[in-house]
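Here TrEMBL flags 40-61, 73-95, 141-162, 174-195, 207-226, 238-256 as transmembrane segment.
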Amino acid sequence: MNKNTDLEAQPGGIALSDDFKGAIVVTCDAQVRQRFMAKVYSILSSQLLLSLCFIGAVYRFPSFQSFLINHVFIWVLAMIFTFVSCIWVSIAPSPEEYEENERVPWYALTSRGQKSLLFLFTLCESYCLAGTVMFEAQDTVASALLVTTVVVFGISVMAFSGRFQLSEGTMGSLYGWLGMGIWMLIGIFITSLFFGGLTSRMNVLTGWLGAVVFSVYLFIDTQLIFRKVHVGEEVKCAMMLYLDIVNLFLSLLRIMSNNNDD
């Protein structure tokens, strides 16, 4: 049986047979790759749409803004849940990876379980985003959203272009530098908590650092969708890209907010 050609025709389109599950996407047939990408980006689009709805609601409905201000503990709980659910989705194995006589760990997630947890993760993350942006001017947020859209589109086109393909060695090196950038951002955040807020110039520099780091992350992660990811990991891919885009947006918002203050 040929894994690259074994497709089952379904009324709703092309469906993957069991032979494809666990295969690296790049080794599969072109139809399989296209369907995998369509699933990833449909999930990602749903996540981004939900987040946009929350951001719009916080400006459209003053009562929602008041609720966020008066119930900070819910925002904190939502933030904690986003961390827990993000880690859970990232590391949870699928029950299909185990033999019938093997014991499946309690944290394993079925496909439906992954999607349900991803929805809760996106819901909480969107709630936290609304609480974060509500203190910014509406025009500033709209500008940050527009710039983010343009940047994401440009990076995606470059990542899928054959002219900008990176070798695995280059990706590994970049991940090392990006990790250093993330730890720098974490260090700056912790320092600001204990020693007061950042100066205007430091805030802008932090925003630019975050924008560069998450732009490169988005470029690399987009390429990894085909080259490293296995069929059946659409949810993990969508969450990975979603986090890149959200963090890029927050970094750009920080830059624009400081420019407006100046």
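One is the number of the first residue shown, and numbering goes on along the chain from there.
Cβ coordinates are placed from backbone N, Cα and C, and glycine is handled just like the others.
For the transmembrane segment (238-256), the residues of the chain that approach it from at least six positions outside its boundaries are 40-41, 43-44, 47-48, 51, 86, 89-90, 118, 121-122, 125, 129, 132-133, 136, 140-141, 143-145, 147-148, 151-152, 203-204, 206-211, 213-215, 217-218, 221-222, 225, judged by C-beta separation under 8 angstroms.
Counting only same-chain residues 6+ beyond the ends of the transmembrane segment (207-226), those with a CB under 8 A from a CB of the stretch are 25-26, 33, 36-37, 40, 151-152, 155-156, 158-160, 164-166, 171, 174-175, 178, 181-182, 184-185, 237, 240-241, 244-245, 247-248, 250-255, 258. If you count C-beta pairs under 8 angstroms between the transmembrane segment (40-61) and each of 73-95, 141-162, 174-195, the highest count goes to 141-162.
Same-chain neighbours of the transmembrane segment (174-195): 166, 202, 206, 209-210, 212-213, 216-217, 220, counting only residues six or more beyond its ends whose CB sits under 8 Å from a CB of the stretch.
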